[in-house]
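One structure is given below, encoded as structure tokens.
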Amino acid sequence: MAERLPQASRQRGGKAMTAAAGSAGRAAVPLLLCALLVPGGAYVLDDSDGLGREFDGIGAVSGGGPNFGASLHILKVEIGGDGQTTDGTEPSHMHYALDENYFRGYEWWLMKEAKKRNPNIILMGLPWSFPGWLGKGFNWPYVNLQLTAYYVMTWIVGAKHYHDLDIDYIGIWNERSFDINYIKVLRRMLNYQGLHRVKIIASDNLWEPISASMLLDTELLNVIDVIGAHYPGTRTVRDARLTKKKLWSSEDFSTLNNDVGAGCLGRILNQNYINGYMTATIAWNLVASYYEQLPYGRCGLMTAQEPWSGHYAVEPPIWVTAHTTQFTQPGWYYLKTVGHLEKGGSYVALTDGLGNLTIIVETMSHKHSRCIRPFLPYFNVSHQFATFLLKGSFSEIPELQVWYTRLGKPSKRFLFKQLDSLWLLDSGGAFTLELQEDELFTLTTLTTGGKGSCPPPPESQPFPQVYEDDFDVDYPFFSEAPNFADQTGVFEYFTNIEDPGEHRFTLRQVLNQRPITWAADAYNTISVIGDYKWSNLTVRCDVYIETPEKGGVFIAGRVNKGGILIRSARGVFFWIFANGTYKVTGDLAGWIIYALGHVDVTANRWYTLTLIIKGRFSSGMLNGKSVWKNIPVSFPKNGWAAIGTHSFEFAQFDNFHVEATT
């Protein structure tokens with residue numbers, strides 16, 4: 001371990017302290033000095049003149065656990081609406097008007113797991129897309145305000161009835177238009193159902209025009225509890241402050257989870273309050289558990305994108321989050337005395353009003369803290385000494401625990417390391433920190449912090465080169481099959497009650513109309529699977545068209561796009577249609593046609609499709625017989641395998657098999 005300070009130094013009135021950190025030869029951890037007169041800024045932490053705003057918590061989209069890892073206070077989940085919402089679709093609890101199912105998707109499971117770890121975690125729900133039937137033919141959720149409010153209310157009631165989950169906050173429409181009358185109708189609907197405790201947050205977009213609308217409409221002002229803005233760049237606007245409402249950064253971060261992403265998060269967790277009076281910050285996203293080549297790959301607080309291997313990585317943003325979350329709780333208050341450091345960086349302090357104090361100091365440099373958005377104006381951070389003076393009810397605090405992070409070069413890097421505690425008994429409540437750039441300190445009266453430990457994760461493995469799924473699951477725990485990532489449409493386990501044979505259990509595309517979209521969903525449904533690096537592969541699947549004449553299905557390989565870019569996906573797509581035709585295309589939209597012709601195909605019968613792609617050529621078979629051979633395919637060179645339908649139509653898939661070589 002690094003050497004402690006020399007005895008002589010420690011004897012200077014017992015006022016100096018450093019910490020053991022790292023192995024010998026590694027960079028020493030900065031000095032923390034008590035009451036030594038060091039040139040530099042002095043910062044008073046005082047509650048004599050009252051406190052600042054109430055702290056509402058740190059969270060992540062889509063949970064937490066006291067004093068272990070990120071220890072999140074808030075979990076915000078998507079209310080699945082059957083549409084593409086960045087990296088895939090999430091199923092609605094009401095695909096159709098008379099359909100209700102509160103066990104689809106993974107969000108119910110996730111909320112329950114979060115509650116197991118932190119029973120006090122705050123739960124939020126927000127729609128991105130909505131099922132198509134709510135739009136009455138229009139791509140708009142506000143056609144019938146009562147109906148949409150009813151739909152959202154049923155999700156809240158279902159969470160309680162089926163999962164014993166109390167939803168605390170409900171949103172309007174993620175990053176899209178709000179409707180003033182809808183917000184009022186939603187509040188009345190919630191109250192009518194006895195859900196007075198559920199608070200409304202709006203509008204999960206920009207600060208305006210929602211803030212100005214609230215100032216002009218007293219009823220709207222009264223029904224909205226929190227103004228939530230996305231990616232505010234640590235700044236707010238005058239109208240938002242004039243509402244006197246709680247202000248939240250209700251979506252932020254979405255940056256690659258390396259040290260720069262950690263620096264981004266460390267900076268905004270402090271400065272969202274200092275610059276913008278925001279009392280909660282919610283990171284998108286919680287865990288990067290989707291194929292990395294989809295949009296915003298690895299933009300979660302941690303990474304777990306290999307369910308087939310079980311490998312995961314606890315990334316630096318987790319430990320940056322812990323600097324705040326492990327030593328605060330919703331209901332604490334910021335001190336009024338918070339701000340920027342003289343030579344760059346910032347500090348905040350919070351108290352529970354019962355004598356506890358937590359101070360968080362960050363010195364993230366411009367280069368190592370740029371978030372994905374918005375643009376970050378240049379600023380400078382340099383070496384400095386910062387003296388803090390504890391006054392008011394904090395002047396008698398005898399000791400502070402110290403936690404430390406330094407981002408950057410691996411040889412000089414520390415992540416959430418506990419240092420020796422800081423004794424203040426003889427210092428008159430003063431201490432000095434020596435600060436370098438890209439550092440994070442938490443100094444706190446709480447002794448409950450912990451980095452925790454767990455066994456190392458399994459080794460990373462590529463997706464299996466031979467993979468098959470017969471979907472023979474009688475009572476599936478999840479509604480969707482593992483490893484398939486729906487990009488338009490919803491593919492669910494299905495039981496054919498009338499088919500006692502090999503197709504009793506299948507995977508079925510269950511949407512029969514286009515949802516009210518949030519992104520540019522494709523006009524076909526598609527679910528991707530596998531390794532994006534796959535080049536040479538054979539895909540085989542049994543398919544069943546349910547729509548006579550107009551229905552159609554496909555299997556595909558080398559699919560090169562997904563998420564919000566799915567509409568422009570290229571690849572090799574082998575289609576068959578209920579009207580007795582087939583088609584081979586180089587794109588999902590069907591503009592690039594390689595081949596077409598007639599085959600003996602009709603609706604409501606099972607067929608086996610096989611697609612073979614090797615090098616620059618591809619071939620296809622129907623029920624084991626060749627349909628087309630050696631069609632040249634020069635682009636793309638690699639991509640996922642996929643299944644899907646021609647339109648939003650019912651269709652089934654079974655006995656999926658892929659064999660690949662990169």
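Including glycine, each Cβ sits where the backbone N, Cα and C put it.
Predicted, not measured: the structure shown is a model, and the values here were computed from it.
Record features, source TrEMBL:
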- Glu175: active site, proton donor/acceptor (ACT_SITE)
- Glu251: active site, nucleophile (ACT_SITE)
- 65-326: domain 'Glycosyl hydrolase family 59 catalytic' (DOMAIN)
- 334-449: domain 'Glycosyl hydrolase family 59 central' (DOMAIN)
- 486-660: domain 'Glycosyl hydrolase family 59 C-terminal lectin' (DOMAIN)
- 1-42: signal peptide (SIGNAL)
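In terms of local Cβ density within 10 Å, Glu251 ranks first among the active-site residues Glu175, Glu251. For the domain 'Glycosyl hydrolase family 59 central' (334-449), the model's pLDDT averages out at 97. Rounded to the nearest whole angstrom, the C-alpha distance between Glu251 (active site, nucleophile) and the residue listed as 'active site, proton donor/acceptor' is 10.
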